Amino acid sequence: MSKPPPKPVKPGQVKVFRALYTFEPRTPDELYFEEGDIIYITDMSDTSWWKGTCKGRTGLIPSNYVAEQAESIDNPLHEAAKRGNLSWLRECLDNRVGVNGLDKAGSTALYWACHGGHKDIVEVLFTQPNVELNQQNKLGDTALHAAAWKGYADIVQLLLAKGARTDLRNNEKKLALDMATNAACASLLKKKQQGTDGARTLSNAEDYLDDEDSD
């Protein structure tokens, strides 16, 4: 029984596959790749020939070859982030794999980078202009919850400096501060929350004075 064909690429999305066999091109515009190579498919508009990139080279690949002789990688950026594989992560981003894509748990690649303590991965993801800091997964956890729970104070600090929210509660009504497993993370989160609350109090006081002045 043959595998069902992969779903077509939506605009702005990239399909990623791992080659199970080497493909030898017959014409100059076809793409050569070897067993185990990662292929990024960017155009499936032609049903017979798909446009793909592998190791920085772009070319055409027979669609039936990809469907039958390659393994689909559903969340390559997440896999790279989980493993702390920086070169693969950069390659995914270079090939326009979406930085804010969600896996089955509703988590982003940033969440998994924070969960695994991969500071270098977090820093690279932060270079993406539209990276979403505060995405909550199906458990309601954000990247900040993950970093606090795992005790990675350096990553908590990075997230806070980038503007991650400390007031988001997960499905168990817990803030990132409630999940902090060491004093360093708790201290950073407390300080940030006190600063936020202080700024809010000051803002409210200014609004009150403005109202008094307008009377």
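One-based numbering along the chain as shown.
The backbone N, Cα and C atoms fix where each Cβ goes, glycine too.
Marked as domain 'SH3' by Swiss-Prot on the basis of sequence analysis: 12-71.
The N-acetylserine feature in Swiss-Prot is assigned to Ser2; the stated evidence is similarity to another entry.
Positions annotated as phosphothreonine by Swiss-Prot, on the basis of a large-scale study or a structure entry: Thr201.
Sequence annotations record features per position, and here Swiss-Prot assigns phosphoserine to Ser203 (among others) based on similarity to another entry.
Under the heading phosphoserine, Swiss-Prot lists Ser214 (among others), citing a large-scale study or a structure entry as support.
Among the features that Swiss-Prot reports, region 'Disordered' is placed at 192-215.
Counted with DSSP, the repeat 'ANK 1' (72-101) comes out as 17 helix, 2 strand, 11 coil. The repeat 'ANK 1' annotation in Swiss-Prot covers 72-101.
Under the heading repeat 'ANK 3', Swiss-Prot lists 139-168. Distant neighbours of the repeat 'ANK 3' (139-168): 105-108, 110-117, 119, 122-123, 126, 133, 174-177, 179-182, 184-186, 188-189, 192-193, 196; these residues of the same chain sit at least 6 beyond its ends, with a Cβ under 8 Å from one of its Cβ atoms.
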> Using DSSP, how many residues of the repeat 'ANK 3' (139-168) fall into helix, strand and coil, respectively?
Replying inline: 18 helix, 0 strand, 12 coil
>> Taking only the residues in the repeat 'ANK 1' (72-101), give me the average pLDDT of this model.
In response: 96
